[in-house]
Amino acid sequence: MTKNVLVSVAWPYANGPRHIGHVAGFGVPSDVFARFQRMSGNNVLMVSGTDEHGTPLLVQADKEGVTVQDLADKYNRQIVEDLTGLGLSYDLFTRTTTSNHYAVVQELFRGLYDNGYMIKETTLGAISPSTGRTLPDRYIEGTCPICGTDGARGDQCDNCGNQLDPADLINPVSKINGETPEFVETEHFLLDLPALAEALTEWLKGREDWRPNVLKFSLNLLDDIRPRAMSRDIDWGIPIPVEGWQDNNAKKLYVWFDAVVGYLSASIEWAYRSGDPEAWRTFWNDPETKSYYFMGKDNITFHSQIWPAELLGYAGKGSRGGEIGDLGVLNLPTEVVSSEFLTMSGSKFSSSKGVVIYVKDFLKEFGPDALRYFIAVAGPENNDTDFTWDEFVRRVNNELANGWGNLVNRTVSMAHKNFGEVPVPGALEESDKKILDLATAAFESVAANLDQSKFKAGISEIMHVVGEANAYIAEQEPWKLAKDDTKRERLATVLWTALQVVSDCNTMLTPYLPHTAQKVHETLGRDGIWAATPQIVEVTNESPRQPIGVGLPDPEHTYPVIMGDYKTQLAKWQRIDVVPGTTLEKPAPLIAKLDPELGETGPEWAPVQN
């Protein structure tokens, strides 16, 4: 039975190019999942975009001496190019500075406001004494007043998991310039989380199939739930759609209020650009639809508490009741799939400290699938993981090149050399049946892992089949069979068996290694697009909905989006029979081995730090 599956991917912040730590958390896992779901015959919508509001973007624009819109345009395009190069198969990757996004965000806010879940209060806001600019919560650090840990942020303490306000911190300082922030009274709208706590608790306690770290963290947040400010004193953001506020260019909606609405607004934009403006409702209003949210662990709060609270309040499901908004009852997340951090030499990736490997540099030298493979087998799925060049070289050479690449090349080479085509097999022996049965069984078990976002377990099982297939060839010694004319039928059977297992493994590796999978598809003498790739499309800021207020996006503005025609690809999650008589050409090397010295030195653009 076909399922509708929404894959919502965390929105990268557009204040710089992406490094591999970013895509290890939100990028590759979500794409493996989406590609697998499509291959399984499900109706998939995968959306994301660049997050372009908030103080950090203003700070970066000042550093680069450009307008904030120019900065957003610059990094939006860079990120689009990086993610397209990595092969992330978005149905739409857009941005938050669009008229459509502004309008959808304002609709969500109005629904919450009308239902009584947006309350107006006077709070203490942090500003920079030297610039007068508002300091975002995450740009203030100090000692946690609850557990005493240094380095707690103004929104939460990563050590104890409690939500904080900047004014709660002991000895708060600005991360931008180290100065002590000044706290002033200011009026803001707060999301009344306590009024939604009971509904949130009931929903979360039904999420028993979530990753344990995500569920535990999310439930702990309920112990200290409090109203949370959803507006800011800033001139760069979405106008607050309330009379007396919408034309005040000094107050805008909080960047995290608008960013999580992006999953919905991107779905609406996708439907509009696809020619069926109501198609988004399949993924948001149908309660049978499954929705999965992919991100790094630092974003759990916003996806397991803030976003669900917004959805519940919009539908009038909190203690204050309320009416269902114009967009209808919107689906809550089926699962929040959070990854841990990918570090480098034991430290978090940091552009300012030079602890960084940019995606664009990596793609230029090594291509996309080497990085996709490393993240799949050694990424931070359940624990923080350290990236080292030594491990990267080792895994590419020993597993990808010597394992998978060797299996493909020697199998197809021997079949080409001895038959010029896929040979006709004779009667299968027990050894042939055993390896074929192993590959057959892997389809079901790998699928079960991928359906539960257990990507490491999935690829480990596939690579086990690859290893057993290489052992099968070593045991059967087809190069010896080729020297004996009386063994020609046995040679044909062994090579046909090996070709079938290559085909099976290639199918199962497709979500992980789509670019390599297309090459193997062609190496096996097959035509057509096996694994579709995303495309960059230039669009204009057209919108089916119009926002209100001041500081709105230019309706004539053009920008790049990522889209793709994935429904026409041939890849299916099932055995594709290798057909005797199919012409085979001599294969080119599938995966280039890396110089072992690279593991000791790293490349010039990201050398090993001694």
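Heads up, the Cβ atoms here are built off N, Cα and C, so glycines get one too.
Since this is a predicted model, take the numbers as computed values, not measurements.
Pulled from Swiss-Prot, these are the features on record:
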MOTIF     12-22  motif ''HIGH' region'
BINDING   CYS144, CYS147, CYS157, CYS160  Zn(2+) binding site
MOTIF     348-352  motif ''KMSKS' region'
BINDING   SER351  ATP binding site
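Under 8 Å from some Cβ of the motif ''HIGH' region' (12-22) lie the Cβ atoms of residues 48, 50-52, 54, 56-57, 60, 71-72, 75-76, 78-79, 82-83, 95, 296, 341-344, 348-349, 351, 356-360, 362, 371, 375, 387, all in the same chain and six or more residues away from its ends.
With every protein chain in view, the residue among the binding-site residues CYS157, CYS160 whose Cβ has the most Cβ partners within 10 Å turns out to be CYS157. Taken together, the residues of the motif ''KMSKS' region' (348-352) have an average pLDDT of 69. For the binding-site residues shown (CYS144, CYS147), fewest C-beta neighbours within 10 angstroms: CYS147. Note: the motif ''HIGH' region' (12-22) comprises 3 helix, 2 strand, 6 coil (DSSP; helix = H, G, I, strand = E, B).
For the recorded site, CYS160 (Zn(2+) binding site), the DSSP three-state label reads coil.
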